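Copied from Swiss-Prot, the annotated features are:
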type	residues	note
DOMAIN	12-47	domain 'EF-hand 1'
BINDING	27, 32	Ca(2+) 1 binding site
DOMAIN	49-84	domain 'EF-hand 2'
BINDING	62, 64, 66, 73	Ca(2+) 2 binding site
């Protein structure tokens, strides 16, 4: 398996590690998203213990406004975060 394939598999397995604990196994609830952001991305999303911050992040990610974050919305978040990290690291 190539490095890129391993990265894709990790992206998928990380999503499913947190999804389905509170509801549908193919989506993330707000609580599941909070756990994922806190445990997997640390400070990259600021203070996720602040409810207003979490609500804003969730609203921005839930682009179809169905009350959950699906895999496509999650993958978009990871891709955008990766682009921001790349941009920051490229400046150094």
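Sequential numbering from 1, following the chain as shown.
Heads up, the Cβ atoms here are built off N, Cα and C, so glycines get one too.
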> Going by DSSP, how much of the domain 'EF-hand 1' (12-47) is helix, how much is strand and how much is coil, in residues?
Replying inline: 23 helix, 2 strand, 11 coil
>> Using DSSP, what is the helix/strand/coil residue split across the domain 'EF-hand 2' (49-84)?
In response: 25 helix, 2 strand, 9 coil
>> List the residues in the vicinity of the Ca(2+) 2 site, defined as same-chain residues other than 62, 64, 66, 73 with C-beta within 8 angstroms of the site's C-beta centre.
In response: 61, 63, 65, 67, 68, 69, 70
> So which of the binding-site residues is most packed in, judged by how many other Cβ atoms lie within 10 Å of its Cβ, out of 27, 64?
Replying inline: 27
> So what's the mean pLDDT when you look at the domain 'EF-hand 1' (12-47)?
Replying inline: 88
> Ranking the binding-site residues 32, 62, 66, 73 by other Cβ atoms within 10 Å, which is at the bottom?
Replying inline: 66
> If you measure residue 27 (Ca(2+) 1 binding site) to residue 62 (Ca(2+) 2 binding site) at Cα, how many Å is it?
Replying inline: 11
>> Can you give me the Cα-Cα distance between residue 73 (Ca(2+) 2 binding site) and residue 32 (Ca(2+) 1 binding site) in Å, rounded to a whole number?
In response: 14
